[in-house]
Amino acid sequence: MNSTIALGRPVHCRRFSGVPSPKPIIPEPAKFKLPSRSLQLSKRNCTGSLSSAGYLPVLGLRNGSSWVSGFVIPSRIGVSSNDAQFGSFAEDKDIESPSFFEFITSERVKVVAMLALALALCNADRVVMSVAIVPLSLSNGWSRSFAGIVQSSFLWGYFASPIAGGALVDYYGGKMVMGWGVALWSLATLLTPWAAETSLWALLAMRALLGIAEGVALPCMNNMVARWFPPTERARAVGIAMAGFQLGSAIGLVLSPILMSQAGIFGPFVIFGLSGFLWVLVWLSAISSTPDRNLQISKYELEYVLNKRQQPSVVENVPKKTVIPPFKRLLSRMPTWSLIIANAMHSWGFFVILSWMPIYFNTVYHVDLRQAAWFSAVPWAVMALMGYVGGLWSDGLIKSGTSVTLTRKIMQSIGFIGPGIALIGLTSARSASLASAWLTLAVGLKSFSHSGFLVNLQEIAPQYSGVLHGMSNTAGTLAAIVGTVGVGFFVEIVGSFQGFLLLTSALYFTAALFYIIFSTGKRVDFEETG
């Protein structure tokens, strides 16, 4: 759409040092037809844009310099992500990195804090069934293998949604899809008590619906982090978001037995479901999809985020003709398979531990339900902290000059080899306390994967990060289904939890080797077949 605006012929920028600027002389304006909504202007000491919304040339400052121009300066710079590519603000200058206080009070940290809360609710809604399955099995006479099937019903839905959800995230953006996802999974959680009282099939269907809705959570998180954070902060941002994910496990495992004792078996489902709807209201009203659309962001933070991106790295800068991604080209590259294998192993270990550890402590060490939930929850709290530590270390390595590829391989090796060794120790633990210590070590080291394959998804193909996450999540869900159901049958046939833990340890070592050989931190060309 063409826009006609009045533009003074000469555009002058002059720097002064504390000297008041004289009133500018504005020459007779000439009218021009502009083919697009915005125009970027760049000088040695100034930058500018023409906004079709207000028809006003906007000039920005560099390093706090004063300047004179013959234009009205609005208090806020408006940049359309469809018209301006990231990095168009002062590309040739270095902006000082924010202090810790500036970082934690920034708008981008508010975004990742909301993502962390969403992921906390996501996991809390999952793990409620891990605790509720014990009294439900007793009251309904379910065997161990059937209890595993009930627990895996969540994964049936989760298996179906990540690829479609990832494609929707790449097309529509993380804010909209995340809002719908949280609303839908909160509804499924809230209706679970009704479903359980109605029939077994209704319960299975509601847990599957929960899985369908939660399948978009991690692709949305990756999409929003890629939009809001420069590369040198992304591992830290993912660490914060995933800390919420792990704390959700701890909160769900600790609070569920308490809430069940006060409000019945289904009390936690109602409370967590209502909390999700409250989150949706705050998310839609307080969070914007990109930094340039945020009404509260400072000029410094906006320029810092955009300047630190060396090239366009998010989906709004890539024209999308169809929501259907190029699956064949994506699967033709080994870095894609390194992410798929890593996510599969990550999910196998995660869901086996998440779903079966309360029963493991109850069966092997004969602790009651509340104690079993507590022993199972402590490792997830540690994982939340260690994930952020891993993110800080990862970002520090990159800033110090270590290549992105080597950094991701270091983090992923710790995240898989560490848990593999710790699970071997868990099988030999002779007390619940010692077993909890080994489990805590395994889960804590596992969190380094968040600074490995999880951030790597954004790096090899930012325009397809959502669908790549969806594809790898689907493989992970399939692995999680096999693992979750397999534990029950394995224990019934072999009579030992420890044997399955040793199998999981061996798989960790194998997946780590595959990732080390085939992964990369560089952009991969998926536009050409090869």
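The backbone N, Cα and C atoms fix where each Cβ goes, and this holds for glycine too.
Unlike curated records, TrEMBL annotations are generated automatically.
The transmembrane segment feature in TrEMBL is assigned to 111-134 (among others).
Along the domain 'Major facilitator superfamily (MFS) profile' (111-523), the predicted structure has mean pLDDT 84. Feature annotation from TrEMBL assigns domain 'Major facilitator superfamily (MFS) profile' to 111-523.
Per TrEMBL, the feature transmembrane segment maps to 146-169 (among others). For the transmembrane segment (146-169), same-chain residues at least 6 beyond its ends with a Cβ under 8 Å from one of its own Cβ atoms are 126, 129-130, 133, 136-137, 177, 181, 203-204, 207-216, 218-220, 223, 323-325, 351, 355, 359, 466-471, 473-474, 477-478, 480-481, 484-489.
The feature transmembrane segment is assigned by TrEMBL to 176-195 (among others).
If you look up TrEMBL, you'll see 201-225 (among others) marked as transmembrane segment.
What TrEMBL records for 237-259 (among others) is transmembrane segment.
Beyond its flanks by at least six residues, the transmembrane segment (265-286) meets 110, 114, 117-118, 121, 124-125, 128, 131-132, 135-136, 175, 178-179, 182-183, 185-193, 196, 252, 255-256, 259 of its own chain at Cβ-Cβ distances under 8 Å. If you look up TrEMBL, you'll see 265-286 (among others) marked as transmembrane segment.
Residues annotated as transmembrane segment in TrEMBL: 337-357 (among others). Proximity of distant same-chain residues to the transmembrane segment (337-357), defined by a Cβ-Cβ separation under 8 Å and at least 6 residues beyond the stretch ends, is recorded for 126-127, 130, 148, 151, 155, 249, 331, 372, 375-376, 379, 412, 415-416, 419, 439, 442-443, 446, 449, 452-453, 456-457, 460, 468, 471-473, 475-480, 482-484, 487, 497, 500, 504, 507-508, 510-511, 514-515, 517-519.
Annotation source TrEMBL lists transmembrane segment at 377-398 (among others).
For 410-429 (among others), the entry in TrEMBL reads transmembrane segment. Long-range contacts of the transmembrane segment (410-429) within its own chain (CB-CB distance under 8 A, at least 6 residues past either end) are made by residues 235, 342, 345-346, 349, 390, 393-394, 397, 435, 437-439, 441-443, 445-453, 498, 501-502, 504-506, 508-509, 511-512, 515-516, 519.
Beyond the ends of the transmembrane segment (467-491), by six or more residues, the same chain brings 143-149, 151-152, 155-156, 158-159, 161-167, 169-170, 215, 218-219, 222, 325, 327, 330-331, 336, 339-352, 355-356, 453, 457, 460-461, 497, 499-500, 504 to within a C-beta distance below 8 angstroms of the stretch. Residues or ranges marked as transmembrane segment by TrEMBL: 467-491 (among others).
Taken from TrEMBL, the feature transmembrane segment applies to 497-518 (among others).
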If you count CB pairs under 8 A between the transmembrane segment (176-195) and each of 111-134, 237-259, 377-398, 497-518, the winner is 111-134
